[in-house]
Structures are given as C-alpha cells and as structure tokens.
Amino acid sequence: AGEECDCGSPANPCCDAATCKLRPGAQCADGLCCDQCRFIKKGKICRRARGDNPDDRCTGQSADCPRNRFH
C-alpha cells in the first residue's frame, strides 16, 4: 500500500523504483493522459470513440483517460 507508481522499472524517470513514489515534480508516471511525468492538458483526446459517440478526453487532473458516459 502507499504506492504512487509502478516501481517495476528503475528506468522510469517519473517513478522512484526504490520507494514506488513519484519523483519530485512528477504528477504521474504512466497512463494515457500522462506525458513526461505531467498530466496532459484538459480536452486532449486520449481515446478515439467508435461510431457517433464523442471521443474520450483527458481531464487535466489525472493520468487516466476517463470513459465518456456513452461507452
């Protein structure tokens, strides 16, 4: 418990593999809405929708790509 990121790889520049905590200044370590240890800005498409549904977009507050309510 208490892990902030996946400490499997010491090569991840966002995550301290020894402590499983984000490195100083990092907001995230991975995820569809994480780029270079930072949350991707709100509104960026993170998952293209199928059919007539709207695309899923980053919130700017999380590394996760939220599913829109039509999925």
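Using N, Cα and C of the backbone, Cβ positions are placed for all residues, glycine too.
According to Swiss-Prot, the protein carries these features:
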DOMAIN    1-71  domain 'Disintegrin'
DISULFID  CYS5-CYS20  disulfide bond
DISULFID  CYS7-CYS15  disulfide bond
DISULFID  CYS14-CYS37  disulfide bond
DISULFID  CYS28-CYS34  disulfide bond
DISULFID  CYS33-CYS58  disulfide bond
DISULFID  CYS46-CYS65  disulfide bond
REGION    50-71  region 'Disordered'
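Sequence features annotated in Swiss-Prot and their locations in the structure.
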| residue | record | DSSP class |
| --- | --- | --- |
| CYS7 | disulfide bond | coil |
| CYS14 | disulfide bond | coil |
| CYS20 | disulfide bond | coil |
| CYS28 | disulfide bond | coil |
| CYS33 | disulfide bond | coil |
| CYS46 | disulfide bond | strand |
| CYS58 | disulfide bond | coil |
| CYS65 | disulfide bond | coil |
Near CYS34 (disulfide bond), how many other Cβ atoms are within 10 Å of its Cβ?
22
Rounded inter-Cα distance in Å - CYS34 (disulfide bond), CYS14 (disulfide bond)
10
Taking 10 A as the limit, how many CB atoms besides its own sit near the CB of CYS58 (disulfide bond)?
24
Would you mind sorting out which of CYS7, CYS33, CYS37, CYS65 (the disulfide-bonded residues) have a C-alpha within 10 A of the one on CYS20 (disulfide bond)?
CYS7
Among the disulfide-bonded residues CYS5, CYS15, CYS37, CYS65, report those whose Cα falls within 10 Å of that of CYS28 (disulfide bond); none is a fine answer.
CYS5, CYS15, CYS37
Once near-sequence residues are set aside, which residues in the chain of CYS46 (disulfide bond), 6 or more away, have Cβ atoms under 8 Å from its Cβ?
LEU32, CYS33, ILE40, ASP56, ARG57, CYS58, CYS65
Report, as a single number, how many Cβ atoms besides its own are within 10 Å of the Cβ of CYS15 (disulfide bond).
25
